[in-house]
(Lines of atoms letter the chains of each structure in order from A and count residues from 1; the text may use other names and numbers.)
(Lines give C-alpha, C1' and ligand atoms only; values in the text may rest on other atoms or scores of the structure.)
Protein backbone atom coordinates (compact mmCIF):
# COMPACT_ATOMS: atom_id res chain seq x y z
CA UNK A 1 0.00 0.00 0.00
CA UNK A 2 1.49 3.34 -0.99
CA UNK A 3 1.87 6.10 1.57
CA UNK A 4 -0.90 8.12 -0.09
CA UNK A 5 -3.36 5.29 -0.45
CA UNK A 6 -5.77 5.31 2.45
CA UNK A 7 -7.52 2.00 1.93
CA UNK A 8 -7.98 -0.61 -0.73
CA UNK A 9 -9.99 -3.78 -0.39
CA UNK A 10 -11.29 -6.44 -2.70
CA UNK A 11 -14.04 -8.62 -1.28
CA UNK A 12 -14.66 -12.12 -2.53
CA UNK A 13 -18.44 -12.59 -2.58
CA UNK A 14 -18.29 -16.19 -1.38
CA UNK A 15 -16.10 -15.69 1.68
CA UNK A 16 -16.74 -11.98 2.40
CA UNK A 17 -13.11 -11.72 3.48
CA UNK A 18 -10.64 -9.04 2.40
CA UNK A 19 -8.15 -9.98 -0.29
CA UNK A 20 -5.77 -8.07 -2.52
CA UNK A 21 -6.99 -6.31 -5.64
CA UNK A 22 -6.28 -8.40 -8.75
CA UNK A 23 -2.75 -7.96 -10.03
CA UNK A 24 -0.07 -9.95 -11.77
CA UNK A 25 1.90 -10.16 -8.51
CA UNK A 26 -1.14 -11.50 -6.64
CA UNK A 27 -1.48 -14.37 -9.10
CA UNK A 28 2.10 -15.61 -8.65
CA UNK A 29 2.10 -19.21 -7.55
CA UNK A 30 -1.50 -19.68 -8.72
CA UNK A 31 -3.17 -19.85 -12.09
CA UNK A 32 -2.83 -16.81 -14.30
CA UNK A 33 -6.05 -14.96 -15.02
CA UNK A 34 -6.12 -16.35 -18.59
CA UNK A 35 -5.98 -19.89 -17.17
CA UNK A 36 -8.96 -19.42 -14.85
CA UNK A 37 -12.13 -20.88 -16.34
CA UNK A 38 -15.08 -18.56 -16.88
CA UNK A 39 -17.15 -20.56 -14.39
CA UNK A 40 -14.43 -20.08 -11.75
CA UNK A 41 -14.42 -16.27 -11.91
CA UNK A 42 -15.80 -15.10 -8.57
CA UNK A 43 -17.72 -11.83 -8.23
CA UNK A 44 -15.65 -9.07 -6.61
CA UNK A 45 -16.44 -5.87 -4.73
CA UNK A 46 -13.44 -3.54 -4.93
CA UNK A 47 -13.53 -0.57 -2.56
CA UNK A 48 -10.84 2.09 -2.36
CA UNK A 49 -10.53 5.43 -0.56
CA UNK A 50 -7.33 7.16 -1.64
CA UNK A 51 -5.58 10.53 -1.84
CA UNK A 52 -4.19 9.56 -5.26
CA UNK A 53 -5.67 10.73 -8.57
CA UNK A 54 -8.34 8.30 -9.76
CA UNK A 55 -7.98 6.48 -13.07
CA UNK A 56 -11.27 5.78 -14.83
CA UNK A 57 -9.47 3.26 -17.06
CA UNK A 58 -8.08 1.36 -14.06
CA UNK A 59 -11.49 1.15 -12.37
CA UNK A 60 -13.12 0.04 -15.62
CA UNK A 61 -10.51 -2.69 -16.15
CA UNK A 62 -11.00 -4.02 -12.61
CA UNK A 63 -14.63 -4.93 -13.37
CA UNK A 64 -14.21 -6.07 -16.98
CA UNK A 65 -15.00 -9.76 -17.41
CA UNK A 66 -15.33 -12.17 -20.35
CA UNK A 67 -18.67 -13.17 -18.79
CA UNK A 68 -20.04 -9.65 -19.16
CA UNK A 69 -21.29 -7.66 -22.12
CA UNK A 70 -21.66 -4.42 -20.18
CA UNK A 71 -19.53 -2.18 -17.98
CA UNK A 72 -21.33 0.91 -16.71
CA UNK A 73 -19.47 3.80 -15.09
CA UNK A 74 -20.29 6.86 -13.06
CA UNK A 75 -17.54 9.48 -12.78
CA UNK A 76 -18.14 12.40 -10.43
CA UNK A 77 -15.86 15.38 -11.11
CA UNK A 78 -15.19 18.74 -9.49
CA UNK A 79 -17.09 21.51 -11.25
CA UNK A 80 -15.76 25.08 -11.33
CA UNK A 81 -18.73 26.88 -9.75
CA UNK A 82 -21.36 26.72 -7.03
CA UNK A 83 -24.06 29.30 -6.34
CA UNK A 84 -22.23 32.03 -8.26
CA UNK A 85 -18.85 31.36 -6.62
CA UNK A 86 -15.82 30.14 -8.55
CA UNK A 87 -14.68 26.79 -7.12
CA UNK A 88 -10.96 25.98 -7.46
CA UNK A 89 -11.04 22.58 -5.73
CA UNK A 90 -12.90 20.31 -3.36
CA UNK A 91 -11.50 18.72 -0.24
CA UNK A 92 -12.89 15.38 0.92
CA UNK A 93 -12.62 13.72 4.33
CA UNK A 94 -14.10 10.40 5.40
CA UNK A 95 -14.40 8.18 8.41
CA UNK A 96 -12.76 5.24 6.62
CA UNK A 97 -13.97 2.23 8.67
CA UNK A 98 -17.59 3.36 8.55
CA UNK A 99 -17.32 4.47 4.92
CA UNK A 100 -15.98 1.07 3.85
CA UNK A 101 -18.75 -0.74 5.76
CA UNK A 102 -21.43 1.41 4.15
CA UNK A 103 -20.00 0.85 0.67
CA UNK A 104 -19.95 -2.92 1.34
CA UNK A 105 -23.63 -2.70 2.33
CA UNK A 106 -24.37 -0.79 -0.88
CA UNK A 107 -22.59 -3.50 -2.89
CA UNK A 108 -24.73 -6.12 -1.12
CA UNK A 109 -27.89 -4.15 -1.92
CA UNK A 110 -26.83 -3.90 -5.57
CA UNK A 111 -26.28 -7.67 -5.74
CA UNK A 112 -29.73 -8.34 -4.25
CA UNK A 113 -31.40 -6.04 -6.83
CA UNK A 114 -29.44 -6.79 -10.03
CA UNK A 115 -27.50 -9.74 -11.52
CA UNK A 116 -24.06 -8.09 -11.63
CA UNK A 117 -20.55 -9.62 -11.73
CA UNK A 118 -18.06 -7.07 -10.34
CA UNK A 119 -18.47 -3.75 -8.53
CA UNK A 120 -15.74 -1.14 -7.98
CA UNK A 121 -16.22 1.99 -5.86
CA UNK A 122 -13.27 4.39 -5.68
CA UNK A 123 -13.47 7.68 -3.78
CA UNK A 124 -10.74 10.27 -3.64
CA UNK A 125 -9.86 12.01 -0.39
CA UNK A 126 -7.98 15.27 0.13
CA UNK A 127 -7.86 18.01 -2.49
CA UNK A 128 -9.51 17.35 -5.85
CA UNK A 129 -8.92 20.10 -8.46
CA UNK A 130 -11.55 21.19 -10.99
CA UNK A 131 -12.27 18.59 -13.70
CA UNK A 132 -10.63 15.71 -11.79
CA UNK A 133 -12.61 12.70 -10.59
CA UNK A 134 -13.63 12.52 -6.97
CA UNK A 135 -15.62 9.29 -7.29
CA UNK A 136 -15.64 6.47 -9.85
CA UNK A 137 -18.13 3.62 -9.69
CA UNK A 138 -18.00 0.75 -12.19
CA UNK A 139 -20.31 -2.25 -12.46
CA UNK A 140 -20.15 -5.16 -14.89
CA UNK A 141 -23.01 -7.44 -15.86
CA UNK A 142 -24.07 -9.74 -18.65
CA UNK A 143 -26.50 -7.13 -20.01
CA UNK A 144 -26.60 -3.31 -19.88
CA UNK A 145 -29.86 -2.84 -17.96
CA UNK A 146 -28.45 -4.41 -14.80
CA UNK A 147 -25.18 -2.48 -14.79
CA UNK A 148 -26.88 0.84 -15.65
CA UNK A 149 -29.45 0.44 -12.87
CA UNK A 150 -26.81 -0.72 -10.40
CA UNK A 151 -24.39 2.16 -11.02
CA UNK A 152 -27.19 4.74 -10.70
CA UNK A 153 -28.37 3.19 -7.44
CA UNK A 154 -24.80 2.96 -6.11
CA UNK A 155 -23.99 6.67 -6.52
CA UNK A 156 -27.33 7.74 -5.03
CA UNK A 157 -26.83 5.40 -2.05
CA UNK A 158 -23.21 6.50 -1.61
CA UNK A 159 -24.24 10.17 -1.39
CA UNK A 160 -27.06 9.33 1.03
CA UNK A 161 -25.29 6.90 3.38
CA UNK A 162 -21.50 7.02 3.24
CA UNK A 163 -19.75 9.35 5.75
CA UNK A 164 -17.72 11.46 3.33
CA UNK A 165 -17.53 15.22 3.86
CA UNK A 166 -16.84 17.78 1.15
CA UNK A 167 -15.38 21.25 1.51
CA UNK A 168 -15.61 23.62 -1.44
CA UNK A 169 -12.61 25.92 -1.82
CA UNK A 170 -13.42 29.15 -3.63
CA UNK A 171 -11.24 31.49 -5.68
CA UNK A 172 -11.74 34.39 -3.23
CA UNK A 173 -9.84 32.49 -0.47
CA UNK A 174 -12.94 31.28 1.30
CA UNK A 175 -14.34 27.81 1.72
CA UNK A 176 -17.49 26.08 2.85
CA UNK A 177 -18.19 22.57 4.11
CA UNK A 178 -21.20 21.13 2.27
CA UNK A 179 -23.66 18.50 3.38
CA UNK A 180 -25.23 16.07 0.96
CA UNK A 181 -28.91 16.92 0.70
CA UNK A 182 -29.50 13.22 0.03
CA UNK A 183 -27.83 12.21 3.30
CA UNK A 184 -30.26 10.44 5.66
CA UNK A 185 -28.88 12.13 8.80
CA UNK A 186 -29.20 15.68 7.41
CA UNK A 187 -31.93 17.76 8.96
CA UNK A 188 -34.43 19.50 6.75
CA UNK A 189 -34.26 23.30 6.63
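Here, residue 1 is simply the first one shown, and the rest follow in order.
Every residue, even glycine, has its Cβ placed from backbone N, Cα and C.
According to TrEMBL, the features are:
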- 143, 144, 159, 166, 167, 168: substrate binding site (BINDING)
- 1-41: region 'Disordered' (REGION)
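Less than 8 angstroms from the CB of residue 143 (substrate binding site) sit 69, 70, each of them six or more residues away in the same chain. Residues within less than 8 Å, Cβ to Cβ, of residue 144 (substrate binding site) and separated from it by at least 6 positions along the same chain comprise 69, 70, 72. Comment: substrate site residues 143, 144, 159, 166, 167, 168; largest CA to CA distance 38 Å, whole number. A simple way to gauge crowding: the CB of residue 166 (substrate binding site) has 17 other CB atoms within 10 angstroms, across all the protein chains here. Using a 10 Å radius centred on the Cβ of residue 167 (substrate binding site) and all shown protein chains, the other Cβ atoms total 14.
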